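K.L.:
A single structure is presented below for examination.
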Ligand SMILES: Cc1cc2nc3c(=O)[nH]c(=O)nc-3n(C[C@H](O)[C@H](O)[C@H](O)COP(=O)(O)OP(=O)(O)OC[C@H]3O[C@@H](n4cnc5c(N)ncnc54)[C@H](O)[C@@H]3O)c2cc1C
């Protein structure tokens, strides 16, 4: 743990080109064309994508305007090239923590374009201070665009099952609630999040079972083989139809496991991040979760 923290703290001071050597496994590149290339490769393997434009926490609303335009351009390009996929975004990039109304308007414009292009936008979940405002955003946007917006929930949060309960009556016009379920990546205090590895897994499965029982659509986002195996058991138990769930993984992570899930006939979606802000994104992520440092070091030595 101490070694991971040391590495995570050192990385921002290393040459950018060196960091790119190990970041490139997890990031499609800097441009929309890089994102398109990665998406086409995955589509050819029978895998859908969710595309994420990398960004920093913003300090002024002018930055939010720039990110909105980048998303509009991205949605336009990916949909006109018939990429099989959808889009993910982080509300903090659009001013969630500066001006909630401005953030809502940006997301509204982005999702409106996705609707026009018959696509879908997922709101990523960020650290615990963002959970309440992101749930509010989701509720407002789900009313406007019932079948075109989804939210992420994090199994490590003590509150998640209560949140699912409180959202349960939000189905509109026959469109089910659409969630991505993940463990959660931020470092949170113990009164906010479960800390024990198996405890997080147990709550992941508890949340998943709740979603299946309540006919919610779920993107099962994990590389943990134990959870994938347990999820398959729940899918059989509740006879969940294929159009009510999918598995999701991150770009560059556990490709063998990904292939085995696809071969078994389950729908798979890969989260494809790209953008000029990859350096800040990678190093910030490492500071948020120093455990990631060991994955990055492994990637450096075991490339390919
Ligand atoms: C599609 C997708 C979207 C996500 N969106 C969010 C979000 O909106 N908010 C949020 O808080 N978190 C998000 N996450 C991150 C998630 O919360 C976890 O932190 C992350 O997926 C690792 O958890 P795991 O379930 O894979 O289990 P872990 O126990 O962390 O990993 C299981 C195994 O997978 C492998 N593995 C995992 N990560 C890596 C890696 N980076 N490199 C190499 N091997 C790896 C290792 O072999 C590890 O033993 C997302 C994850 C995915 C897959």
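Residue numbers in this text run from 1 along the chain shown.
Every residue, even glycine, has its Cβ placed from backbone N, Cα and C.
TrEMBL labels come from automatic prediction, so no person has curated them.
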K.L.:
Among 154, 198, 263, which residue does TrEMBL annotate as binding FAD at the site that also has 125, 222, 223?
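P.N.:
Site partner of 125, 222, 223 for FAD, according to TrEMBL: 154.
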K.L.:
For the binding-site residues 154, 222, which Cβ has the most other Cβ atoms within 10 Å, all shown protein chains included?
P.N.:
154
K.L.:
Which binding-site residues of 90, 154, 285 contact ligand 1 in the sense of C-beta under 6 Å?
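P.N.:
Near ligand 1, sequence order: 154.
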K.L.:
Could you tell me the mean pLDDT over the domain 'Proline dehydrogenase' (37-295), as a whole number?
P.N.:
95
K.L.:
Check the binding-site residues 90, 223 for other C-beta atoms within 10 angstroms of each C-beta and report the one with the most.
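P.N.:
Top count of Cβ atoms within 10 Å goes to 90.
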